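Undergrad: Provided herewith is a single structure, encoded as structure tokens, for subsequent inquiry.
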Amino acid sequence: MSDGRGNLELDVSRETLERLMVFSEVLKKWNPKINLVSRKSIDDLWTRHILDSIQVFDAAPEGGAWLDIGSGGGLPGIIVAILAAEKSPDTRITLMESDLRKCAFLRNAARECGVSVTVKSKRIESAPEENCDVLSARALADLDNLLGFAERHLAENGTAMFPKGANWKKEVDNARKRWRFECDEITSVTEPGAVILKIKGVERV
């Protein structure tokens, strides 16, 4: 039976690959009930979503406390937890999601994959400050709003990891009207013109 990866080659251990495969099956099982990812993209789950999440982990600093906000379908949060179990076991991962059904999915997916995460059912803008070392968000909001969440939840020397599509330059220019920040753009391997924005030093203008 096909696992949906096609010819995709991943530089991970057999155990990590097995966990990723378990995650893909759990997501496909839950998706019709609570729409974790679009039906259009579910057939391209490995390259569109899983590989996209892997590159976020690979570009981020190692260790410390990692907060994924608007975790929804566990992308990148559960993928980060799967990779960290092998490559960075000291990383403490928190997934923040306001939808209770999606929180139930996240807990189930973590359990099925055998990884440790803390799932918090809270609204990002009103949750207590997390003081995390790494903050990630995927397909959640525009950069201006994401930087507001980063200012609230990142530790002083923390790093934000935000995958963005081909219009990322406009988002950066717009965000600079209200924010000062250092930004590295890492070219995405999953979508032409897309990047991962690696951001530090967030403060209001």
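From the backbone N, Cα and C atoms, a Cβ is placed for every residue, glycine too.
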Undergrad: Name the residue, out of R92, R138, that Swiss-Prot lists for the same S-adenosyl-L-methionine site as G70, L75, I124, E125, please.
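TA: For S-adenosyl-L-methionine, Swiss-Prot names G70, L75, I124, E125; of R92, R138, the listed one is R138.
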Undergrad: Please list residues from the chain of G70 (S-adenosyl-L-methionine binding site) whose Cβ is under 8 angstroms from its Cβ, counting only those at least six apart in sequence.
TA: M96, E97, I124, A137, R138, L140, A141
Undergrad: Taking the residues G70, L75, I124, E125, R138 listed for S-adenosyl-L-methionine, what is the greatest CA to CA distance in Å, to the nearest whole number?
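TA: Taking every pair among G70, L75, I124, E125, R138, the longest Cα gap is 20 Å.
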